[in-house]
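Over in TrEMBL, the protein carries these features:
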BINDING   D6, V7, G8, N9, T10, N11, M12, V13, T132  ATP binding site
BINDING   G107, A108, D109, R110  substrate binding site
ACT_SITE  D109  active site, proton acceptor
BINDING   D129  K(+) binding site
Amino acid sequence: MLLAIDVGNTNMVFGIYEGDWLVSSFRLKTDASRTADEIGLLATRYFAQFGLDANGVEDVIIASVVPPVMGALTGAVAKYFSRRPLIIDGGVDPGLPYAVGGDERLGADRSVACVAALEKYGAPLVVLDFGTATTVDAVSREGAYLGGCITAGVRISTEALFQKTAMLPNVELAMPDKVLGCTAVGQIQAGAVMGYIGAMEYLIRRAKREMGYPEREIKVVATGGLARMVADNTDMIDLVDESLILDGLRIIYRRWRAEKA
């Protein structure tokens, strides 16, 4: 078995693979105060719940955008799975070439998502990840990274409204029936959710135009917690793939193994 771990700002997502098959997955809250034992015990408890033997894990691969949790996480992997994990950009190159210069590299989650979308759906591509932050990334016909953008996720926007205003409530993220709401909750949902979807549509259109290919050639793939809600309310997203980053880790691991063989 392969254990793939996607460490995001809000959650750590664990995917358990048998070959190319995602057997099961689970989430733990990303919390830098957790110890290695806490993470390891929680993870192995899920294995037992799924009827899986944690001793059957042959390798572990991690993509992380939260450095403070990595000490405890790698310690948990070593103690409870007896493995030294492979870490994206920490010794394992995701294999995404860049079409443009620049000193900064993509976050591990974004490069992994692009690699997965390329293999699964082909290029050219726009890849959206609706996480704590929202990212938009473009990949050329030749499979090279063209550039992207980052904006606040919709939850950050609603929490900022709640924290920075005296009387506005914190609201559930849901698609309202109309933009002209009649309650504070409905109006915040309309502004936050519909406004967010409108912003995403603009960014997708602009990205496609800047890529310079016929629009019909460019696939738009979305992942992340809000991907389904956004896709259900726009015609600009072609595919929703909730396991895109986990699959990307599996793909990168498979290539790494082939190179080592």
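Every residue number used here counts from 1 along the chain in the order it is shown.
Using N, Cα and C of the backbone, Cβ positions are placed for all residues, glycine too.
Shown here: features listed in TrEMBL, placed on the structure.
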{"residue": "D6", "record": "ATP binding site", "contacts (Cβ under 8 Å, 6+ apart)": "M12, V13, G15, I62, A63, D109, V112, I245, L246, L249"}
{"residue": "G8", "record": "ATP binding site", "contacts (Cβ under 8 Å, 6+ apart)": "T30, V65, V66, D109, G131, T132"}
{"residue": "T10", "record": "ATP binding site", "contacts (Cβ under 8 Å, 6+ apart)": "K29, T30, G131, T132, G225"}
{"residue": "G107", "record": "substrate binding site", "contacts (Cβ under 8 Å, 6+ apart)": "V65, T135"}
{"residue": "A108", "record": "substrate binding site", "contacts (Cβ under 8 Å, 6+ apart)": "A63, S64, V65, I88, D89, P94"}
{"residue": "R110", "record": "substrate binding site", "contacts (Cβ under 8 Å, 6+ apart)": "V127, D129, T135, D137, G148"}
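Each of R27, T30, V65, V66, G131 belongs to the same chain as D6, V7, G8, N9, T10, N11, M12, V13, T132, is absent from that list, and has a C-beta within 8 angstroms of the C-beta centroid marking the ATP site. Neighbour counts of Cβ atoms within 10 Å were compared for the binding-site residues M12, T132, and the top value is held by M12.
A sphere of 10 angstroms centred on the C-beta of D129 (K(+) binding site) encloses 29 other C-beta atoms. Spanning the residues D6, V7, G8, N9, T10, N11, M12, V13, T132 that the record associates with binding ATP, the maximal Cα-Cα distance equals 14 Å. Taking the mean position of the Cβ atoms of G107, A108, D109, R110 as the substrate site, the remaining same-chain residues with a Cβ inside 8 Å of that point are A63, V65, I88, L106, S111, V112, A113, T135.
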